[in-house]
Amino acid sequence: MNFDAIWLELAQFFTVDLWLKIINIAAIVIGAFLLRWGLHFVIERVVGQIVSGVKKNQNVTDTQSLSVSPLAAVRVVQRTRTLGSVLSNIVNVTLLIVSVLLIVNIVNTDILGSFALLTAALGAGLGFGAQNIVKDILNGLFMVVEDQLGVGDIVDVGFASGVVETVGIRVTQVRDVDGTLWFVRNGEILRVGNMSQGWARVIVDLAIPYASDVEAVQAELLRVARALASSRKWRPVILEKPEVWGLESISAEALVVRLVVKTRVSAKWDFARDLRLHLKKALDGLGIGLTPLNSVVMTGPDGSVNAAAIPNTDEPFDAAAEAAAAVPDAITDPFTAPVPVRKKPRLPRAPRKGRTVATDAAEHPADESPAGSAPADKPGAEPVSKPAGKPAGKSAAELDAEHPTPSSPKSAPDPEIRDDA
């Protein structure tokens, strides 16, 4: 087959009608994309205007700041975004179906010519496989119209719970606290627990020992909770004052006291964590420890429980004293003896002004007497005369050699000068 024959075959295949069909199909596809872009632009513009209007009325700049505004404003934003997501999905599906039908009609008009054939095909599809899809679509539409959930809501749909990220016409995306993204078919959602509508309540149950003063504990817990709720950090998210609902349960192990606070939904978990921390500090201040559920009771030698109880002291527990006791002290700890300090040898002192070594030895002969000398003079006895300036045992020259005089003219006296005073 030569080139002319190939060209003739192509000319017979690509007729004017075929080119018209190709142009019509391309026009349908391009028109569908343009229509989709236009409808999405309108939907996003409307959603943006509604959200911006709510933010402007509440004088905030981001959606997270709407938690301190009225609850209706938050719900309007969530509902608007949900409707925008659903409308975008509806537009995509509708344009896809219409475009496919138009393209099929252009390719061969006989395919859609028989209405009975189309009805039978649709009936068979709905009867075998498409019924689940129809169920998902209808259930998703009803959930959105009835405002059961919305984008940003914290929901529990049975086997998945978390924050709703996308509400589709057939599938809803929920991200749990671990970061897992769940794709939940709308037809499988039989119940919806929405924790983001209206208000929330923080419930704290504290187990205290059976012998505790319940009224004093409740008063202290209520005082701490109200002080925290009235702080500048948590005041905007608290809807009602904290309340103590009393004893929730009584058992041999402990008494359970319940405290509740009504808050906004967005601040429930953060406030609950901070409240538990301050309540724990309040119990520490009262000297009350939480009773474990499985506790071992020690008994004394006679079998009584009181014999093994810890003695109750009126002195308050001092954490600083307890911490200081853990530090070894060189004075009180026997294993850490003080290190002896060696003193430097004392230098010989120079004689006083106006005196010599011989003069000092002559005036104090008893200090220089050797051991075993004669006893002290008795009263009435005549003193034994000793030569002046010559102490017993050593001469003046030897004493001067042992105690040299300083060379300074200010402190070195003349040896011939004597102080007769």
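Glycine is treated like the rest: Cβ placed from N, Cα and C.
Those TrEMBL annotations? Automatic predictions, nothing curated.
According to TrEMBL, the feature compositional bias 'Basic residues' maps to 341-355. Residues or ranges marked as compositional bias 'Low complexity' in TrEMBL: 385-396. Marked as domain 'Mechanosensitive ion channel MscS' by TrEMBL: 132-196. Look at TrEMBL and you will find 204-288 tagged as domain 'Mechanosensitive ion channel MscS C-terminal'. According to TrEMBL, the feature region 'Disordered' maps to 333-421. According to TrEMBL, the feature transmembrane segment maps to 18-35, 86-107, 113-134.
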Given the transmembrane segment (86-107), its same-chain partners at Cβ distance under 8 Å and 6+ residues beyond its ends are 21, 24-25, 28-29, 32, 35-36, 39-40, 43, 140-141, 144, 167-170
For the domain 'Mechanosensitive ion channel MscS C-terminal' (204-288), provide the mean pLDDT of the predicted model.
87
Residues of the same chain, at least six outside the transmembrane segment (18-35), with any C-beta under 8 angstroms of its C-beta?
95-96, 98-99, 102-103, 106-107
